[in-house]
Amino acid sequence: MTNQIPPSLAENQSKLKQSFVGLQMLFVAFGALVLVPLITGLDSNTALLTAGVGTLLFQFCTGKQVPIFLASSFAFIAPIQYGVQTWGIATTMGGLAFTGLVYFALSTLVKLRGAEALQRFFPPVVVGPVIIIIGMGLAPIAVDMSLGKNSAYAYNDAVLVSMVTLLTTLSVAVFAKGLMKLIPIMFGITAGYILCLFLGLINFQPVIDAPWFSLPKLTTPEFNLEAILYMLPIAIAPAVEHVGGIMAISSVTGKDFLKKPGLHRTLLGDGIATAAASLVGGPPNTTYAEVTGAVMLTRNFNPNIMTWAAVWAIAISFCGKVGAFLSTIPTIVMGGIMMLVFGSIAVVGMSTLIRGKVDVTEARNLCIISVVMTFGIGNMFVDVGNVSLKGISLCAIVAIILNLVLPKAKNEVE
């Protein structure tokens, strides 16, 4: 964490230049940021607002020491979709607001017992398969949208647009250099959108009718015990992944943010940002690896850059035409992007197992991973009174319990 890192280019920059670099950072995050609300049916302008406010809250909790940007989390896409269908948006937001308690609990655990305590309760054998289930559970949604199911798009148009979008995103991710490599989603959406224009699939009337200035669509949360219990365990995977995000930005800047301001404070900041976003109708927040990559490339280590990125996000959220334009992006374009993004989530879970050197031939690990994968892919559910546990939440609970109950192999016992 204390490698010799070249000095930040932002240290002596003027406020004006810092503001433009902040806008650049927001642009890097923009594609992924708005993708979550577009997929889940939430308001894009609200997502921009809560990303900006969430980043500022994170900076407040961490003493403005960490150059990191928080925005919409992909881990909550399936839970939000299920929640909206089951309880409606207001109750779903109420359940998501309570996920901040998971971050608070982990923050307290780290404060009292140290970061090593997370390894005991949430080792790679627990977190890895849960993340895989998050990605695999979303795969059917991506395919259905790519094929134009439940939409007015013809099959041939849907496949053409989604595949062009996917191939463009793949090409940029693999072959592009520099900052371009960090925004493959933006390039994919642009290519798919232009093709849709040629095919006559875009209706610009909502953009024409929308005002330049309008308030983001805020939602007052409602609270339901079943929704809360369903959402709480889902926060475990992104909360543990938060540690990886902080380690990454520490490596990039040459500063150990796990010690100063401390992992307990970064977890608390992420949790408060997530709860605050949900309380007004925005998707939960998480740290963005794309922005960390941009920080590495540009060597802009000054946290003020992220303050400006947050301010830009808040300012743009009040432009009605931005939200209206984003709403014109066809679902078949989103489907093409999602096939890569959701698969990537599953790969992150696999890499968690690999980096953690999890021996899948060892009976204990094999049992944990197998049960979690079967429960997740097979849509297992458990009814307890009026509460039903299913999907990612059930998988997370089962993984934690099995990890605590099943005896470790002799060579794993400390």
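Any Cβ shown, glycine's included, is placed from N, Cα and C.
Now, the feature entries from Swiss-Prot:
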BINDING   Phe74, Glu241, Glu290  uracil binding site
INTRAMEM  366-401  intramembrane segment
TOPO_DOM  1-14  topological domain 'Cytoplasmic'
TOPO_DOM  39-42  topological domain 'Periplasmic'
TOPO_DOM  83-91  topological domain 'Periplasmic'
TOPO_DOM  113-124  topological domain 'Cytoplasmic'
TOPO_DOM  147-155  topological domain 'Periplasmic'
TOPO_DOM  172-178  topological domain 'Cytoplasmic'
TOPO_DOM  200-224  topological domain 'Periplasmic'
TOPO_DOM  249-261  topological domain 'Cytoplasmic'
TOPO_DOM  320-332  topological domain 'Periplasmic'
TOPO_DOM  355-365  topological domain 'Cytoplasmic'
TOPO_DOM  402-414  topological domain 'Cytoplasmic'
TRANSMEM  15-38  transmembrane segment
TRANSMEM  43-62  transmembrane segment
TRANSMEM  66-82  transmembrane segment
TRANSMEM  92-112  transmembrane segment
TRANSMEM  125-146  transmembrane segment
TRANSMEM  156-171  transmembrane segment
TRANSMEM  179-199  transmembrane segment
TRANSMEM  225-248  transmembrane segment
TRANSMEM  262-281  transmembrane segment
TRANSMEM  282-298  transmembrane segment
TRANSMEM  302-319  transmembrane segment
TRANSMEM  333-354  transmembrane segment
* Structure fact -> Other same-chain positions with a Cβ less than 8 Å from the topological domain 'Periplasmic' (147-155) and lying at least 6 residues past its termini are 161-162, 201, 330-332, 335
* Contact between the transmembrane segment (282-298) and the transmembrane segment (179-199) (at least 3 Cβ pairs under 8 Å, separation 6+) -> yes
* Asked: Among 43-62, 92-112, 179-199, 262-281, which stretch has the highest count of C-beta pairs below 8 Å with the transmembrane segment (302-319)?
  -> 43-62
* Asked: Other residues with Cβ within 8 Å of the Cβ centroid of Phe74, Glu241, Glu290 at the uracil site?
  -> Ala32, Ser73, Ala75, Gly245, Thr286, Thr287, Tyr288, Ala289, Ile345, Val348
* To do: Could you tell me the mean pLDDT over the topological domain 'Periplasmic' (83-91), as a whole number?
  => 93
* Please work out the number of neighbouring Cβ atoms within 10 Å of the Cβ of Glu241 (uracil binding site), leaving out its own Cβ. => 19
* Are there three or more C-beta pairs under 8 angstroms joining the transmembrane segment (92-112) and the transmembrane segment (225-248), sequence spacing 6 or more? -> yes
* Where among 15-38, 92-112, 125-146, 156-171, 179-199 do we find the most Cβ pairs under 8 Å to the transmembrane segment (66-82)? -> 15-38
* Stretch in 15-38, 43-62, 262-281 most in contact with the transmembrane segment (333-354), if contact is a CB pair under 8 A -> 15-38
* Who are the chain neighbours of the topological domain 'Cytoplasmic' (172-178) in space, where the CB to CB distance is under 8 Å and they lie at least 6 residues beyond its ends? -> 184, 187-188, 297, 340
